[in-house]
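Participant: The feature domain 'Trimeric autotransporter adhesin YadA-like head' is assigned by TrEMBL to 15-34, 38-55, 85-111, 113-136, 141-167, 169-193, 197-223.
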Amino acid sequence: FQADGADDGSEDALASGEHSVASGASSLAAGAESASYGYGSSAYGDNSMAIGAGSLADAVGASASGSLSSAMADYSTASGYGSLASGESSVATGASAQATADYATTVGAESVASGEFSAAFGAASLASGDGSAALGVLSEASGEESTAVGFYSLASGDVATALGAESIAGGVTAVAVGFQAEASEDYTTAIGSWSVASGFNSTALGNSAEAQAENSVALGSDSIADRD
(Lines of atoms letter the chains of each structure in order from A and count residues from 1; the text may use other names and numbers.)
(Lines give C-alpha, C1' and ligand atoms only; values in the text may rest on other atoms or scores of the structure.)
Protein backbone atom coordinates (compact mmCIF):
# COMPACT_ATOMS: atom_id res chain seq x y z
CA PHE A 1 0.00 0.00 0.00
CA GLN A 2 1.23 3.53 -0.77
CA ALA A 3 -0.50 6.83 -0.10
CA ASP A 4 0.67 10.21 -1.36
CA GLY A 5 4.12 8.85 -2.12
CA ALA A 6 4.85 7.41 1.31
CA ASP A 7 5.88 3.76 0.92
CA ASP A 8 5.12 1.48 3.82
CA GLY A 9 6.98 -1.49 2.36
CA SER A 10 4.39 -3.13 0.07
CA GLU A 11 5.86 -4.67 -3.04
CA ASP A 12 6.00 -2.30 -6.01
CA ALA A 13 2.96 -0.16 -5.18
CA LEU A 14 3.55 3.40 -6.41
CA ALA A 15 1.44 6.48 -5.73
CA SER A 16 3.17 9.27 -7.62
CA GLY A 17 0.23 11.62 -8.12
CA GLU A 18 -0.67 14.30 -5.62
CA HIS A 19 -3.02 12.90 -2.95
CA SER A 20 -3.08 9.55 -4.76
CA VAL A 21 -3.42 6.04 -3.34
CA ALA A 22 -2.03 2.75 -4.68
CA SER A 23 -2.69 -0.67 -3.17
CA GLY A 24 -1.49 -3.98 -4.56
CA ALA A 25 1.68 -5.35 -6.09
CA SER A 26 2.69 -3.41 -9.21
CA SER A 27 -0.22 -1.00 -8.79
CA LEU A 28 0.24 2.61 -9.92
CA ALA A 29 -1.64 5.81 -9.14
CA ALA A 30 -0.04 8.51 -11.28
CA GLY A 31 -2.83 11.06 -11.59
CA ALA A 32 -3.61 13.70 -9.02
CA GLU A 33 -6.18 12.40 -6.51
CA SER A 34 -6.21 9.05 -8.31
CA ALA A 35 -6.57 5.60 -6.78
CA SER A 36 -5.56 2.12 -7.87
CA TYR A 37 -6.40 -1.12 -6.09
CA GLY A 38 -5.30 -4.57 -7.19
CA TYR A 39 -2.34 -6.28 -8.76
CA GLY A 40 -1.09 -4.39 -11.80
CA SER A 41 -3.86 -1.79 -11.64
CA SER A 42 -3.09 1.66 -13.06
CA ALA A 43 -4.76 5.04 -12.61
CA TYR A 44 -3.08 7.62 -14.84
CA GLY A 45 -5.72 10.31 -15.13
CA ASP A 46 -6.44 12.98 -12.57
CA ASN A 47 -9.35 11.95 -10.32
CA SER A 48 -9.33 8.50 -11.92
CA MET A 49 -9.84 5.14 -10.23
CA ALA A 50 -8.80 1.60 -11.16
CA ILE A 51 -10.05 -1.38 -9.14
CA GLY A 52 -9.12 -4.96 -9.98
CA ALA A 53 -6.13 -6.86 -11.26
CA GLY A 54 -4.85 -5.32 -14.48
CA SER A 55 -7.49 -2.60 -14.50
CA LEU A 56 -6.66 0.68 -16.25
CA ALA A 57 -8.07 4.19 -15.85
CA ASP A 58 -6.20 6.32 -18.37
CA ALA A 59 -8.09 9.62 -18.55
CA VAL A 60 -9.47 12.43 -16.42
CA GLY A 61 -12.28 11.23 -14.18
CA ALA A 62 -12.13 7.73 -15.66
CA SER A 63 -13.26 4.74 -13.59
CA ALA A 64 -12.40 1.09 -14.24
CA SER A 65 -13.58 -1.71 -11.97
CA GLY A 66 -13.08 -5.40 -12.57
CA SER A 67 -10.09 -7.43 -13.65
CA LEU A 68 -8.68 -6.25 -16.99
CA SER A 69 -11.27 -3.48 -17.28
CA SER A 70 -10.23 -0.31 -19.13
CA ALA A 71 -11.59 3.24 -19.02
CA MET A 72 -9.67 5.14 -21.67
CA ALA A 73 -11.51 8.43 -22.25
CA ASP A 74 -12.39 11.40 -20.07
CA TYR A 75 -15.21 10.64 -17.60
CA SER A 76 -15.66 7.12 -18.96
CA THR A 77 -16.74 4.17 -16.80
CA ALA A 78 -15.94 0.49 -17.34
CA SER A 79 -17.33 -2.10 -14.95
CA GLY A 80 -16.90 -5.84 -15.34
CA TYR A 81 -14.21 -8.30 -16.31
CA GLY A 82 -12.51 -7.19 -19.52
CA SER A 83 -14.91 -4.30 -20.06
CA LEU A 84 -13.87 -1.30 -22.18
CA ALA A 85 -15.09 2.29 -22.19
CA SER A 86 -13.11 4.29 -24.75
CA GLY A 87 -15.54 7.07 -25.68
CA GLU A 88 -15.85 10.32 -23.76
CA SER A 89 -18.45 9.98 -20.99
CA SER A 90 -19.16 6.42 -22.13
CA VAL A 91 -20.33 3.60 -19.87
CA ALA A 92 -19.64 -0.12 -20.30
CA THR A 93 -21.11 -2.54 -17.77
CA GLY A 94 -20.74 -6.31 -17.95
CA ALA A 95 -18.07 -8.86 -18.74
CA SER A 96 -16.36 -7.90 -22.02
CA ALA A 97 -18.86 -5.08 -22.60
CA GLN A 98 -17.60 -2.28 -24.88
CA ALA A 99 -18.66 1.36 -25.18
CA THR A 100 -16.36 2.75 -27.85
CA ALA A 101 -18.03 6.00 -28.93
CA ASP A 102 -18.65 9.28 -27.15
CA TYR A 103 -21.64 9.18 -24.78
CA ALA A 104 -22.33 5.52 -25.58
CA THR A 105 -23.85 3.23 -22.95
CA THR A 106 -23.85 -0.55 -22.88
CA VAL A 107 -25.08 -3.01 -20.26
CA GLY A 108 -24.72 -6.76 -20.55
CA ALA A 109 -22.03 -9.37 -21.12
CA GLU A 110 -20.33 -8.88 -24.51
CA SER A 111 -22.68 -6.03 -25.39
CA VAL A 112 -21.32 -3.27 -27.65
CA ALA A 113 -22.30 0.37 -28.13
CA SER A 114 -20.15 1.80 -30.92
CA GLY A 115 -22.32 4.65 -32.22
CA GLU A 116 -22.23 8.11 -30.68
CA PHE A 117 -25.06 8.56 -28.16
CA SER A 118 -26.00 4.90 -28.67
CA ALA A 119 -27.29 2.45 -26.06
CA ALA A 120 -27.15 -1.35 -25.94
CA PHE A 121 -28.84 -3.36 -23.19
CA GLY A 122 -28.73 -7.14 -23.03
CA ALA A 123 -26.12 -9.84 -23.48
CA ALA A 124 -24.39 -9.61 -26.87
CA SER A 125 -26.57 -6.67 -27.92
CA LEU A 126 -25.14 -4.20 -30.46
CA ALA A 127 -25.90 -0.53 -31.06
CA SER A 128 -23.62 0.67 -33.85
CA GLY A 129 -25.64 3.48 -35.40
CA ASP A 130 -25.32 7.00 -34.04
CA GLY A 131 -28.23 7.63 -31.70
CA SER A 132 -29.37 4.02 -31.92
CA ALA A 133 -30.78 1.79 -29.19
CA ALA A 134 -30.73 -2.01 -28.91
CA LEU A 135 -32.62 -3.68 -26.06
CA GLY A 136 -32.66 -7.44 -25.69
CA VAL A 137 -30.31 -10.38 -25.92
CA LEU A 138 -28.61 -10.43 -29.34
CA SER A 139 -30.57 -7.37 -30.47
CA GLU A 140 -28.92 -5.10 -33.04
CA ALA A 141 -29.53 -1.47 -34.04
CA SER A 142 -27.15 -0.57 -36.85
CA GLY A 143 -29.04 2.21 -38.59
CA GLU A 144 -28.66 5.80 -37.45
CA GLU A 145 -31.29 6.66 -34.82
CA SER A 146 -32.71 3.15 -35.14
CA THR A 147 -34.36 1.11 -32.38
CA ALA A 148 -34.40 -2.66 -31.89
CA VAL A 149 -36.31 -4.18 -28.98
CA GLY A 150 -36.59 -7.91 -28.34
CA PHE A 151 -34.54 -11.07 -28.57
CA TYR A 152 -32.54 -11.14 -31.81
CA SER A 153 -34.35 -8.12 -33.19
CA LEU A 154 -32.67 -6.10 -35.95
CA ALA A 155 -33.09 -2.48 -37.01
CA SER A 156 -30.64 -1.88 -39.85
CA GLY A 157 -32.34 0.99 -41.67
CA ASP A 158 -31.87 4.60 -40.62
CA VAL A 159 -34.63 5.69 -38.21
CA ALA A 160 -36.03 2.15 -38.37
CA THR A 161 -37.89 0.44 -35.53
CA ALA A 162 -38.06 -3.29 -34.80
CA LEU A 163 -40.21 -4.40 -31.87
CA GLY A 164 -40.54 -8.08 -31.05
CA ALA A 165 -38.42 -11.18 -30.93
CA GLU A 166 -36.62 -11.80 -34.24
CA SER A 167 -38.29 -8.80 -35.87
CA ILE A 168 -36.47 -7.04 -38.73
CA ALA A 169 -36.71 -3.42 -39.86
CA GLY A 170 -34.35 -3.12 -42.79
CA GLY A 171 -35.52 -0.06 -44.70
CA VAL A 172 -35.32 3.66 -44.01
CA THR A 173 -38.01 4.56 -41.43
CA ALA A 174 -39.26 0.96 -41.60
CA VAL A 175 -41.39 -0.34 -38.73
CA ALA A 176 -41.73 -4.01 -37.79
CA VAL A 177 -43.85 -5.01 -34.80
CA GLY A 178 -44.44 -8.59 -33.72
CA PHE A 179 -42.68 -11.94 -33.58
CA GLN A 180 -40.64 -12.39 -36.77
CA ALA A 181 -42.30 -9.36 -38.36
CA GLU A 182 -40.28 -7.98 -41.27
CA ALA A 183 -40.30 -4.54 -42.91
CA SER A 184 -37.52 -4.89 -45.43
CA GLU A 185 -37.93 -1.96 -47.82
CA ASP A 186 -37.85 1.81 -47.29
CA TYR A 187 -40.96 3.35 -45.68
CA THR A 188 -42.58 -0.01 -44.98
CA THR A 189 -44.69 -1.08 -42.01
CA ALA A 190 -45.33 -4.63 -40.82
CA ILE A 191 -47.48 -5.19 -37.75
CA GLY A 192 -48.35 -8.67 -36.54
CA SER A 193 -46.49 -11.90 -35.99
CA TRP A 194 -44.89 -13.19 -39.22
CA SER A 195 -46.14 -10.16 -41.15
CA VAL A 196 -43.99 -9.04 -44.11
CA ALA A 197 -43.85 -5.69 -45.90
CA SER A 198 -41.41 -6.10 -48.78
CA GLY A 199 -42.71 -3.61 -51.34
CA PHE A 200 -41.53 0.00 -51.30
CA ASN A 201 -43.81 2.09 -49.07
CA SER A 202 -46.03 -0.93 -48.38
CA THR A 203 -48.02 -1.84 -45.26
CA ALA A 204 -48.89 -5.26 -43.84
CA LEU A 205 -51.29 -5.46 -40.91
CA GLY A 206 -52.20 -8.78 -39.33
CA ASN A 207 -50.59 -12.08 -38.50
CA SER A 208 -48.87 -13.52 -41.59
CA ALA A 209 -50.07 -10.62 -43.77
CA GLU A 210 -47.83 -9.87 -46.78
CA ALA A 211 -47.52 -6.60 -48.71
CA GLN A 212 -45.32 -7.44 -51.67
CA ALA A 213 -46.02 -4.68 -54.19
CA GLU A 214 -45.02 -1.02 -54.08
CA ASN A 215 -47.47 1.22 -52.21
CA SER A 216 -49.64 -1.82 -51.40
CA VAL A 217 -51.64 -2.56 -48.25
CA ALA A 218 -52.36 -6.03 -46.88
CA LEU A 219 -55.03 -5.90 -44.19
CA GLY A 220 -55.95 -8.91 -42.11
CA SER A 221 -54.43 -12.22 -41.12
CA ASP A 222 -52.94 -14.20 -44.02
CA SER A 223 -53.85 -11.46 -46.52
CA ILE A 224 -51.58 -10.82 -49.52
CA ALA A 225 -51.18 -7.58 -51.49
CA ASP A 226 -49.14 -8.34 -54.60
CA ARG A 227 -50.37 -5.64 -56.98
CA ASP A 228 -49.42 -1.96 -57.13
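The backbone N, Cα and C atoms fix where each Cβ goes, glycine too.
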Participant: Please list the DSSP helix, strand and coil residue counts for the domain 'Trimeric autotransporter adhesin YadA-like head' (38-55).
Facilitator: 0 helix, 5 strand, 13 coil
Participant: In the domain 'Trimeric autotransporter adhesin YadA-like head' (15-34), how many residues does DSSP assign to helix, to strand and to coil?
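Facilitator: The counts are 0 helix, 6 strand, 14 coil.
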Participant: Please report, as numbers and ranges, the same-chain residues at least 6 past the borders of the domain 'Trimeric autotransporter adhesin YadA-like head' (141-167) whose CB is under 8 Å from any CB of it.
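Facilitator: For the domain 'Trimeric autotransporter adhesin YadA-like head' (141-167), the list is 115, 118, 120, 126-135, 173-183, 186, 193.
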Participant: Can you check how the pLDDT averages out over the domain 'Trimeric autotransporter adhesin YadA-like head' (169-193)?
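Facilitator: Per the prediction, mean pLDDT sits at 99 for the domain 'Trimeric autotransporter adhesin YadA-like head' (169-193).
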Participant: In the domain 'Trimeric autotransporter adhesin YadA-like head' (169-193), how many residues does DSSP put in helix, strand and coil?
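Facilitator: Taking the domain 'Trimeric autotransporter adhesin YadA-like head' (169-193) as a whole: 0 helix, 9 strand, 16 coil.
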